[in-house]
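Asker: Below are the features listed in Swiss-Prot for this protein:
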- 1-10: compositional bias 'Polar residues' (COMPBIAS)
- 27-39: compositional bias 'Polar residues' (COMPBIAS)
- 74-84: compositional bias 'Basic and acidic residues' (COMPBIAS)
- 8: phosphoserine (MOD_RES)
- 24: N6-acetyllysine (MOD_RES)
- 28: phosphoserine (MOD_RES)
- 31: phosphoserine (MOD_RES)
- 72: phosphoserine (MOD_RES)
- 1-111: region 'Disordered' (REGION)
- 23-34: motif 'D-box' (MOTIF)
- 85-97: motif 'Initiation motif' (MOTIF)
């Protein structure tokens, strides 16, 4: 909190509210005419993604983005298979035995 002159007066309390800095007005005819060449120049030099600090090559195993959008007929069959075939690779079908936990003797040692 910021101290103000009002804080020094006993019995009075005043809170100072921070405000934002004024923003530039976009839309005036003179600034729009002047900024058009600058904005087109910025668009050419604008950073478009990746890591500008340490550029690394794409690994061979990584799929391209286009492969996710264009599925082959073979892949689309896998997507639309019957619900009984889909699932957790058969783990749910096998019955699992309940394994009780061994008794915890840490409480006995503390006493």
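Placed from the backbone N, Cα and C atoms, the Cβ positions cover glycine too.
Would you situate these features in the structure and describe their surroundings?
Answerer: In this structure, residue 24 (N6-acetyllysine) belongs to neither helix nor strand by DSSP; it is coil.
Summed and averaged per residue, pLDDT over the motif 'Initiation motif' (85-97) gives 56.
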